[in-house]
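Visitor: Dumping the structure here so I can ask a few things about it.
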Amino acid sequence: VGFKAGVKEYKLTYYTPSYETKDTDILAAFRVTPQPGVPPEEAGAAVAAESSTGTWTTVWTDGLTSLDRYKGRCYHIEPVAGEETQFIAYVAYPLDLFEEGSVTNMFTSIVGNVFGFKALRALRLEDLRIPPAYVKTFQGPPHGIQVERDKLNKYGRPLLGCTIKPKLGLSAKNYGRAVYECLRGGLDFTKDDENVNSQPFMRWRDRFLFCTEALYKAQSETGEIKGHYLNATAGTCEEMIKRAVFARELGVPIVMHDYLTGGFTANTSLAHYCRDNGLLLHIHRAMHAVIDRQKNHGIHFRVLAKALRMSGGDHIHSGTVVGKLEGEREITLGFVDLLRDDFIEKDRSRGLFFTQDWVSLPGVLPVASGGIHVWHMPALTEIFGDDSVLQFGGGTLGHPWGNAPGAVANRVALEACVQARNEGRDLAREGNEIIREASKWSPELAAACEIWKEIKFEFEAMDTL
């Protein structure tokens, strides 16, 4: 026989510290927690093997291909500061292992089997470097930031949104009424909640019709372009596209999808439809915390954000840094830049393990949403800058005078913050003062300031470096 059968150590084949990474390799950084007694090199090599060409033994068909051409390689291992049992393993994958334009296939390979691997106590994918050669096989976001601004004719400020609440139980007509009030008051967008699909109390077609009516009415009264994220997420891809087609026929500007529960295949199909038909696509990340919240196991959200930019979406929820949901500031800003910018430098202080070059793939607007209200406006304006969507659900609808005044309060607060920033004032230091000044001539804002002056969601973030 030309080979020796039996179980052999992965590190003999898959640990190659002298390997020079290629410009076309997909690079991954894994946080590896090996079982006691498993050396880090063996664990890192095992990850490289099991997520590429390896299996647990030598097989005779290995001789029919060139392992050197196709194998993943663990090319560097470093300890994690402050964690004795954890290591960062860097793995390089040859580009030929992946189908072009398929996020689904990329994830099936890189995070498919290997996460259940016995020799590892835990495994987390911290970051991916997508090479330009692979990026170029994706359409990416249907439109991107600049095209969206041109479609909406809104420049020089963040966009304002609001999720309609109560999220489940309203009839379509009452739902449309709530949409109209918010848009008339000064918001740019309203949003279907992620779990509003087509339930017995409100079927999707009724909702689409009433929301569109609300949108056109608000548009004609305010002279501004308005949008409502019509959630097209459905149980089958065919049904999802049917809903998107109906939205296009109604002439609305934007639809929405839950990309993790819907899946990357469905999401990419919808993104292609949206580009072909001039619809913007808002992406909600329902289920992300199942995957990304544990510090030592799962996939970090920055990887899910990169995957979404490849699969396609014009907006994606990305934490607030200040509200009720998870998000450490530097880490959040790291993946916000990954979503918006063309070229992002490696920066370990922001959790960025690799330099990412998107080669002019359109950008995605980060959406800050979850437990935010008018007092957060200066911080949000400073942290996220102009290219973002700030979404106040309860922070609009919870206004004591109703939805429209709640919308007015948010719009006034935003315009005041943008003006103050443009005049050179420091929003971080003078934020409260700016909001107070503005509330003197806006009774709606004054009422909002009063009701939310004490609300805080202060817990330590789990997602620290």
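Placement of Cβ uses the backbone N, Cα and C atoms for every residue, glycine included.
Pulled these features from Swiss-Prot for this protein:
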| type | residues | note |
| --- | --- | --- |
| ACT_SITE | Lys165 | active site, proton acceptor |
| ACT_SITE | His284 | active site, proton acceptor |
| BINDING | Asn113, Thr163, Lys167, Arg285, His317, Ser369 | substrate binding site |
| BINDING | Lys191, Asp193, Glu194 | Mg(2+) binding site |
| MOD_RES | Lys4 | N6,N6,N6-trimethyllysine |
| MOD_RES | Lys191 | N6-carboxylysine |
Visitor: Using the recorded Mg(2+) site (Lys191, Asp193, Glu194) as reference, state which further residues of the same chain have their Cβ within 8 Å of the centre of those residues' Cβ atoms, listed in sequence order.
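Guide: Going along the sequence, the neighbours come out as Thr163, Ile164, Lys167, Asp192, Asn195, Val196, Tyr229, Asn231, Met256, His284.
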Visitor: Which ones are near Asp193 (Mg(2+) binding site): of the recorded positions Lys167, His284, Ser369, which have a Cα within 10 Å?
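Guide: Of Lys167, His284, Ser369, within range: Lys167, His284.
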Visitor: According to DSSP, does Asn113 (substrate binding site) fall in a helix, a strand, or coil?
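Guide: For Asn113 (substrate binding site) - judged by DSSP and reduced to three states - the answer is helix.
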Visitor: Quick check for the class: what is the C-alpha distance, in angstrom and rounded, between Arg285 (substrate binding site) and Lys165 (active site, proton acceptor)?
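Guide: Here the two Cα atoms are 18 Å apart.
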Visitor: Using C-alpha atoms only, work out the spacing between Ser369 (substrate binding site) and Glu194 (Mg(2+) binding site) and round it to an integer in Å.
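Guide: Per the Cα atoms, Ser369 (substrate binding site) and Glu194 (Mg(2+) binding site) stand 12 Å apart.
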Visitor: For substrate, with binders Asn113, Thr163, Lys167, Arg285, His317, Ser369, what's the maximum Cα separation in whole Å?
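Guide: Output for substrate binders Asn113, Thr163, Lys167, Arg285, His317, Ser369: max Cα distance 37 Å.
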Visitor: Using a 10 Å radius around each Cβ and all protein chains in view, which of these recorded positions has the most neighbours: Lys165, Lys167, Arg285?
Guide: Arg285
Visitor: Which residues in the same chain, at least 6 apart in sequence, have a Cβ under 8 Å from the Cβ of Glu194 (Mg(2+) binding site)?
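Guide: Spatial neighbours, sequence-distant, of Glu194 (Mg(2+) binding site): Asn231, Thr233, Asp258, His284, Ala286.
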Visitor: Rounded to a whole number, how many Å is the Cα of Lys191 (Mg(2+) binding site) away from the Cα of His317 (substrate binding site)?
Guide: 12
Visitor: Neighbour count, 10 Å Cβ-Cβ cut-off, for Thr163 (substrate binding site): what number do you get?
Guide: 24
Visitor: Return the residues near Asn113 (substrate binding site) by Cβ distance under 8 Å, restricted to its own chain and a separation of at least 6 in sequence.
Guide: Glu50, Ser51
Visitor: Under DSSP, is His317 (substrate binding site) helix, strand or coil?
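Guide: Looking at the DSSP assignment, His317 (substrate binding site) belongs to a strand.
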Visitor: What number of additional C-beta atoms lies within 10 angstroms of the C-beta atom of Lys191 (Mg(2+) binding site)?
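Guide: Summing over all protein chains shown, Lys191 (Mg(2+) binding site) has 30 other Cβ atoms within 10 Å.
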Visitor: Measure from the Cβ of His284 (active site, proton acceptor) and count the other Cβ atoms within 10 Å, all protein chains considered.
Guide: 28
